[in-house]
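J.: Supplied in structure tokens, the structure appears directly below.
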Amino acid sequence: MRRGIRKLTVALAVTLGMAVPFLPGHMSRAAQTPPDPVRSVADPIARRYIVVFKDKAMSPRSVKGESARIVRAHGGEVWHTYGSVLKGYAARMTAAQARRAAADPRVSYVEQDAVAHGSATQSNPPSWGLDRVDQRDLPLDKSYTYAGTASNVTAYVVDSGIRTSHSQFQERASVGVDEVGDGKNGQDCFGHGTHVAGTIGGKDHGVAKGVKLVSVRVLNCDDSASTSGIIAAADWITAHAVKPAVVNMSINGSANSSEDTAIKNSIASGITWVVSSGNSNANACNNSPGSIGPAIVVNNADSADRRRSDSNYGPCTDLFAPGTGIVSSWYTSDTATQTKTGTSQAAPHVTGAAALYLSKHPTASPADVQSALVGNATADKITGAGSGSPNRLLYTGGLGGSTGGGSVVFSDDFESHKGWTVNASGTDTATAGVWDRGNPDRTTSASSGQIKQLGTTVSGVGALSTGSAAGASDGANDLDGGVTSIRSGAITLPAGGALTLDLSYNVANGKNSGIDDYLRVKVVDGSTATTVFTRTGSAAEVPGAWQTAAADLSAFAGKSIRLSVEAADAGAASLFEAQVDDVSITSG
């Protein structure tokens with residue numbers, strides 16, 4: 001997008017036969033009238049302004065043309081154009097040029113551009129956030145239970161960038177757009193964005209462990225962003241978002257109507273925004289984006305369920321989440337971690353929770369997501385919540401499982417042995433690549449270059465794989481010769497109510513595979529086995545990727561069952577790999 005803006009500036013200069021910045025060639029009739037006031041902000045950027053047009057129905061192309069005409073008439077240098085969340089542009093201008101632009105009859109208003117900053121403030125206390133959000137009450141139970149990973153959801157991280165190669169992101173992180181323009185191309189040189197992304201979707205630190213993460217960079221290497229850059233980010237997200245989608249913005253600045261309007265319009269387009277309330281021990285209604293009603297505005301709670309002393313508060317906020325002493329990924333290496341504190345760390349817990357909800361309700365509106373998270377939160381736990389603050393603490397139970405919420409009946413992340421038996425029936429025929437639990441090696445097809453068996457897990461280091469160890473060549477140590485199965489121990493299901501099975505899985509194959517090859521999950525009830533999930537191979541090359549699946553087990557309520565996970569290379573010999581992780585059954 002930055003490249004497109006530069007092209008616009010150059011094209012204007014060529015057309016007019018003059019150098020940038022532009023000087024007015026003549027005074028328009030509107031510019032000779034007493035100038036309308038330019039809106040001021042608390043922390044302005046010198047000679048930078050945002051111009052918003054009156055016509056809200058303009059196409060992006062028309063916005064560029066109108067921007068050029070107004071700059072030609074009144075002066076300035078275009079920095080961004082906005083065609084989605086606002087109709088207007090950002091420009092470098094003198095104060096006099098800004099006043100003339102504000103007086104133009106085509107312009108609704110002109111506002112000073114402003115500085116914004118990330119909200120993290122300090123380091124080093126132990127992390128505890130995931131442990132807290134999955135339970136109603138203290139003390140912590142030293143576990144984080146979840147029923148899904150939100151692999152069908154995309155989270156856009158408006159921040160300092162993301163170290164996309166970090167091992168926590170399992171090749172799920174990518175660069176969307178960089179609005180800083182310093183050549184970093186969405187990569188993180190400050191750390192804030194990588195830390196936030198890890199809390200949203202890191203495999204160990206994240207609330208939603210399978211969510212896709214997209215870097216939308218607005219903070220520079222010194223923790224500064226501009227209002228114009230944030231609006232450009234909102235504009236890009238609104239035009240390009242892959243839904244279901246959620247946005248995290250852990251950046252706060254002085255109140256700014258242009259920024260607020262842009263984010264509100266993005267939300268109105270169907271994209272959920274989660275934002276930090278800020279770290280000033282002040283009413284969040286007085287900052288941007290803390291005052292935005294349709295956004296989910298998050299305050300910082302500590303491990304004793306108290307409002308952190310510097311956390312903002314007030315009636316414009318929605319709920320609290322863990323934000324004090326949070327361990328997450330860091331930007332200095334692919335394995336680095338860091339401990340940080342702030343509403344910046346609280347907001348991504350809620351963003352991860354929103355992703356879990358959207359994974360099961362992909363058509364939910366932002367208002368639906370906001371209502372679900374606030375309604376699901378635990379009431380009256382926060383001490384010293386602050387004047388006007390809703391006393392609600394984030395709770396993720398049921399958000400990523402069955403649509404009605406509920407409790408976990410069974411879960412296994414395959415970090416330890418929990419009674420699964422390979423070839424329990426004694427009828428398996430596979431000669432290689434039988435199921436085992438362990439830390440899988442990554443395998444890459446020499447013929448296609450595609451990754452087949454993922455060397456990452458959804459959580460922790462363990463998963464079920466059809467042969468965890470990599471072979472020396474294509475087809476070595478993948479599944480061969482027929483069927484391999486692994487069966488759980490007995491699971492007693494409660495009587496009555498809905499029951500949902502959730503799991504993460506990977507199925508990858510070479511182009512010599514087909515529908516005879518498969519991954520299946522069965523429910524074994526006595527001597528009867530019922531298939532509840534199937535994923536087949538394909539004649540086309542399919543790369544490895546963690547995905548999620550769910551199945552309704554309500555028909556088995558009140559029974560003692562076992563789960564059987566089966567994979568087969570059942571047709572002609574082919575390259576076929578399967579993996580399973582994070583299996584759970586929830587009731588309610």
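Including glycine, each Cβ sits where the backbone N, Cα and C put it.
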J.: Do you know which of 113-133, 407-427, 470-490 TrEMBL annotates as region 'Disordered'?
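T.: Going through 113-133, 407-427, 470-490 one by one, TrEMBL gives region 'Disordered' for 113-133.
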J.: Once the DSSP letters are reduced so that anything not helix or strand counts as coil, what is Asp159 (active site, charge relay system)?
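T.: Assignment for Asp159 (active site, charge relay system) reads strand.
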J.: Taking every residue in the domain 'Inhibitor I9' (48-115), what is their average pLDDT?
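T.: Overall, the domain 'Inhibitor I9' (48-115) comes to a mean pLDDT of 91.
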J.: Round to a whole number and give the Cα-to-Cα distance in Å for the pair Ser344 (active site, charge relay system) and Asp159 (active site, charge relay system).
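T.: Approximately 10 Å lies between the Cα of Ser344 (active site, charge relay system) and that of Asp159 (active site, charge relay system).
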J.: What three-state secondary structure does DSSP assign to His192 (active site, charge relay system)?
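T.: In the DSSP reduction, His192 (active site, charge relay system) maps to helix.
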J.: Between His192 (active site, charge relay system) and Asp159 (active site, charge relay system), what C-alpha distance do you get in Å?
T.: 7
